[in-house]
Amino acid sequence: MSDAQTIEQLRHIGWRGQSLPGEGRRLARVVAQHRAGYELHDGVQTFGAQPAGHFLKRGLDPAERPAVGDFVEIEPGKPPHITIVQTRRTVLSRAAAGERYERQVIATNIDYVLVLTGLDGDFNPARIERYLSLTEGSGAQPVIILSKLDLNDGAAERLEELRSRLPNGTPIHAINGKDAASVATLSVYLKLGDSAVLVGSSGAGKSTLTNTLLGSQHMATSAVREHDSRGRHTTTYRALLQLPSGGCLIDTPGMRELKLTGEENLDLFADIEALAEKCRFADCGHGSEPGCAVQAALDEGELSQERWRNYLKLRDEREEQAAMLESRLRRQRGGRPATKPHSPRGSRERE
Ligand SMILES: Nc1nc2c(ncn2[C@@H]2O[C@H](COP(=O)(O)OP(=O)(O)OP(=O)(O)O)[C@@H](O)[C@H]2O)c(=O)[nH]1
Ligand SMILES: [Mg+2]
Ligand SMILES: [Zn+2]
C-alpha cells in the first residue's frame with residue numbers, strides 16, 4: 001500500500017500527522033486498554049498489542065504509558081508491541097485520589113471535551129465548573145451537554161442558570177440522548193478528523209448518547225436509581241469508537257472523583273480574580289474588611305454565594321495540588337530548585 005493510502009486511512013481514526021514512521025513500524029491508535037493489553041485501530045481494523053518493556057519500568061510516570069486516544073508506533077510480532085507514543089496534541093487528565101501525587105490520563109489527542117450532565121437529579125453547576133477547570137489544562141475545547149431534556153420540565157430555568165453562571169461563549173446544548181434528531185446538533189464536534197471525549201457522572205447518559213450517535217446499541221447502558229438519579233457504573237473501561245459522521249468518540253466510565261492536577265488556570269473565574277484586585281487592602285480576606293469588592297458583589301447579588309464558594313474550593317485544591325506537583329518535580333530533578341518557579345495566579349501578591 002502507498003504512504004498516501006496509509007495516511008488517508010489513518011485520517012479516519014483521527015490522525016493529523018504528515019509523515020509515517022520508518023520501515024518496519026506501523027502507526028495505530030489506542031482504542032481501549034484492558035488488563036490483558038491494548039486494543040489498537042489502524043483506520044481499517046482493530047488488533048491487540050502489548051506495551052514494550054520500557055513502559056512497564058518501575059518509577060515511570062504512569063501518564064507516560066500509552067493511553068486511550070494515543071497514536072502509537074508498533075513493531076510487528078505475535079503480539080505486536082507498542083514502542084513509541086507519539087507526542088500528544090492534547091491531554092485530559094485528573095489527579096488520582098490519595099496522598100501521593102499522580103496524574104491519570106483520561107484521554108489524549110482530543111479536540112473536544114463533551115461534559116455531559118443530566119437535567120435530572122444529576123444537574124450540578126459546581127461539578128460542571130470542576131470539569132471545565134480540568135478541561136482548561138487539556139488543550140481541548142469544552143462543550144456542555146445537558147441530557148434527558150425529554151424528562152425535565154424545568155430545563156429552561158436550568159439552562160438559563162448555567163448560561164448566566166458560565167463564561168459567555170461556552171457552548172451549551174440540551175438534548176434527548178435517545179433521539180437521533182435531537183443529538184444531530186452535536187455533529188459539528190464530530191466531523192471527519194475530529195476526536196471528542198465524553199465525561200460525566202455515572203448515569204448521565206454517556207453511553208446512551210454514544211449509541212445514538214453510532215446508530216447501534218454498542219455500549220451497555222442501565223437505568224439510574226429512582227430517588228437520586230445516580231447511575232450504576234455500567235461502563236467500566238474507556239472506549240474510542242468511530243462514528244458514521246467520521247469523528248471519533250471516547251466513551252468513559254462515570255468518575256467518582258475529579259481532583260484537579262494543579263496545572264489549571266481557573267480562567268473560568270477570571271472575573272472573580274479581577275474583582276478581588278479591587279479590594280481596598282491588597283491582603284483582603286474577603287470577610288468583614290472595609291472596602292471589600294467581593295463582599296460588595298455578593299451583597300448586591302452580582303456574584304452568587306454558591307459560585308464564590310466553589311471558586312474558593314477549586315482555588316485551594318489547585319494550590320495544594322500545584323505544591324504537590326512542584327515537590328514531585330523537585331524530587332525528580334534530584335532536589336535542585338525549579339528553573340522556572342510555578343506561580344499560581346490565585347496566590348499572586350499585589351505590587
Ligand atoms: N429519557 C432519557 N433517558 C436517558 C437519556 N440519556 C440517558 N438516559 C437513560 O439514563 C440511564 C443511564 O444512561 P447510561 O447511558 O447508561 O449512562 P452512562 O453515563 O453511560 O453511565 P456509566 O456508564 O455508569 O458511567 C439509562 O437508563 C438511559 O436510558 C435521555 O436523554 N433521555
Ligand atoms: Mg456508560
Ligand atoms: Zn476583599
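Yeah, the Cβs are placed from backbone N, Cα and C, and that goes for glycine too.
Curation plays no part in TrEMBL annotations; they are all automatic predictions.
Since the structure is predicted, the reported quantities are computational estimates derived from the model, not experimental observations.
Sequence-distant neighbours of Lys206 (GTP binding site) (same chain, 6+ residues apart, CB-CB distance under 8 A): Leu116, Leu198, Val199, Gly200, Thr235, Asp251, Thr252, Gly254. Following the DSSP three-state reduction, the secondary structure of Lys206 (GTP binding site) is helix. Under the heading GTP binding site, TrEMBL lists Ser147, Lys148, Leu149, Asp150, Gly200, Ser201, Ser202, Gly203, Ala204, Gly205, Lys206, Ser207, Thr208.
Taken from TrEMBL, the feature Zn(2+) binding site applies to Cys279, Cys284, His286, Cys292. Here Cys284 (Zn(2+) binding site) comes close to Ala276, Gly291, Cys292, Val294: these same-chain residues lie at least six apart in sequence, with C-beta atoms under 8 angstroms from its C-beta.
The domain 'CP-type G' annotation in TrEMBL covers 99-258.
What TrEMBL lists as domain 'EngC GTPase' is 108-256.
What TrEMBL records for 323-351 is region 'Disordered'.
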Sequence-ordered binding-site residues from Ser147, Gly200, Ser202, Lys206 with Cβ under 6 Å of an atom of ligand 3: none
Cβ-centroid neighbourhood (8 Å) of the Zn(2+) site, Cys279, Cys284, His286, Cys292 excluded: Ala276, Arg280, Phe281, Gly285, Gly287, Glu289, Gly291, Ala293, Val294, Gln295
Sparsest Cβ surroundings (other CB atoms within 10 Å) among the binding-site residues Ser147, Thr208: Thr208
Secondary structure content of the domain 'EngC GTPase' (108-256), with strand meaning DSSP E or B: 45 helix, 33 strand, 71 coil
Greatest C-beta neighbour count within 10 angstroms, which of the binding-site residues Leu149, Ala204, Cys292: Ala204
